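See structure below.
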Amino acid sequence: MDSRANMASFDQKEINWDKLDKTKLFVVGAGLFTGVTVALYPVSVIKTRIQVASKDAPQKNALAVFRNIVKVDGIPGLYRGFGTVITGAVPARIIFLTSLETTKVAAIKMLEPFKLSEPVQAAVANGLGGMVASISAQAVFVPIDVVSQKLMVQGYSGHANYNGGLDVAQKIIKADGFRGLYRGFGLSVMTYSPSSAVWWASYGSSQRVIWRLLGHSGQYEQTTPSQWQLACVQAAGGIFAGAVASCVTTPLDTIKTRLQVMDNTEERQKARQVVKNLIAEDGWKGLYRGLGPRFFSMSAWGTTMIVSYEYLKRLCAKVED
């Protein structure tokens with residue numbers, strides 16, 4: 001079966017890594033990811049502020065936090081730490097996507113002898129790819145997270161003020177050495193790796209179930225889905241994946257965020273103490289602070305990114321003779 005027919009069949013909706021022009025993918029993708037980050041970054045700022053709010057903070061819901069930020073700092077307040085995130089996002093995304101795609105290809109080959117159903121095979125391969133990709137990218141993501149989150153919450157609920165990302169990094173290194181930039185690294189791996197695995201597994205399996213519900217058997221077909229159909233199915237898979245992943249991983253994300261934004265002068269707390277404080281302040285629901293913005297962020301980001309990424313892969317597919 002030639003490559004064109006292979007792409008047309010249901011089980012090959014996703015273009016394989018070896019069929020892509022990597023240079024074009026990374027260059028065009030950098031611009032694409034930057035655009036999506038600009039659009040959705042304010043949601044991360046709002047989520048982070050909700051998660052670190054003190055017990056007596058007057059704003060504890062997303063709308064109230066949004067209004068307060070705009071009132072005090074204007075629209076720029078919604079983009080605190082954005083420069084730091086963009087600086088590290090491009091290399092982190094390159095590491096992530098390379099690890100994701102190469103792991104998915106290897107996992108699919110490894111699973112072939114087991115004769116699993118297509119949704120199950122997709123869930124396992126995508127889940128492994130997402131987990132490995134997340135672990136690989138944490139070396140870049142965690143310092144970005146630590147610095148940008150301190151900028152997001154500066155001056156809020158008693159947190160210190162800084163003169164930009166470089167000032168944050170310098171003060172962290174002065175107080176804790178370079179290891180300070182990796183505060184919460186273990187929890188980041190525990191949060192983002194399962195989150196990424198659950199998201200990609202849910203996405204990979206759900207879109208195949210949706211295709212079957214729409215009457216696609218997964219065998220060689222005479223007609224290929226339209227770009228509109230592809231986008232809608234991928235978007236639906238992204239929304240479902242965001243819902244599942246956000247519900248599973250929000251407690252770990254809340255704990256991680258609180259650990260990372262602690263001032264350098266504060267007594268170091270362990271994750272267990274953070275959990276106790278959250279429960280004392282709000283009960284068990286305190287662990288789900290920021291669930292709404294996190295769900296929206298993961299669903300909106302995931303849906304936008306996956307539709308754009310799959311389109312980008314088709315755009316960057318090598319033309320074979």
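Positions of Cβ are set from backbone N, Cα and C atoms, glycine also.
TrEMBL annotations: computationally assigned, not manually curated.
Because the structure is a prediction, the values reported are computed rather than measured.
Here TrEMBL flags 22-106, 121-209, 229-315 as repeat 'Solcar'. TrEMBL lists 25-46 with the feature transmembrane segment.
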DSSP-assigned states of the repeat 'Solcar' (229-315) in counts, ordered helix, strand, coil: 76 helix, 0 strand, 11 coil
Composition by DSSP (helix, strand, coil) of residues within the repeat 'Solcar' (22-106): 73 helix, 0 strand, 12 coil
